[in-house]
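Data first, discussion second: the structure below is written as structure tokens.
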Amino acid sequence: MKLTCVLIIAVLCLTVCQLITADYLRDKQKYRSVRLRDGMLNFKGSRQCADLGEECYTRFCCPGLRCKDLQVPTCLLA
């Protein structure tokens, strides 16, 4: 009987802790540093190749694109 009461009280305490923590963290950002890092990796200036329609006089075009010299060298479909 005592063991059952102790287990019930322990489960209730853990549940209350979970609810308090969830309420406190509701407006907080989760894994903010990971999102910032991913944003920096996908930033337009950090990519190694130039995408469709981008200038290609300082970078190579991405795979499947070719640098065409119009007025300004631009990556176009091959």
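Cβ from N, Cα, C; glycine included.
The shown structure was predicted, so the numbers you read here are calculated from the model rather than taken from an experiment.
When Cβ-Cβ distances below 8 Å are used as the criterion, the signal peptide (1-22) is approached by no residue of the same chain that is at least six residues removed from its ends. What Swiss-Prot lists as signal peptide is 1-22.
Look at Swiss-Prot and you will find Gln48 tagged as pyrrolidone carboxylic acid, backed by similarity to another entry. The Cβ of Gln48 (pyrrolidone carboxylic acid) has 7 neighbouring Cβ atoms from other residues within 10 Å, across all protein chains displayed.
The disulfide bond annotation in Swiss-Prot covers Cys49-Cys62 (among others) and rests on similarity to another entry. Cys49 (disulfide bond) carries neither a helix nor a strand DSSP state and counts as coil.
Under a cutoff of 8 A between CB atoms, and with a sequence separation of 6+ in the same chain, the neighbours of Cys67 (disulfide bond) are Ala50, Cys56, Phe60, Cys61, Pro73, Thr74, Cys75, Leu76. What Swiss-Prot records for Cys56-Cys67 (among others) is disulfide bond.
Annotated disulfide bond per Swiss-Prot: Cys61-Cys75 (among others), in sequence order, evidence recorded as similarity to another entry.
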Relative to the Cβ position of Cys56 (disulfide bond), how many further Cβ atoms are located within 10 Å?
21
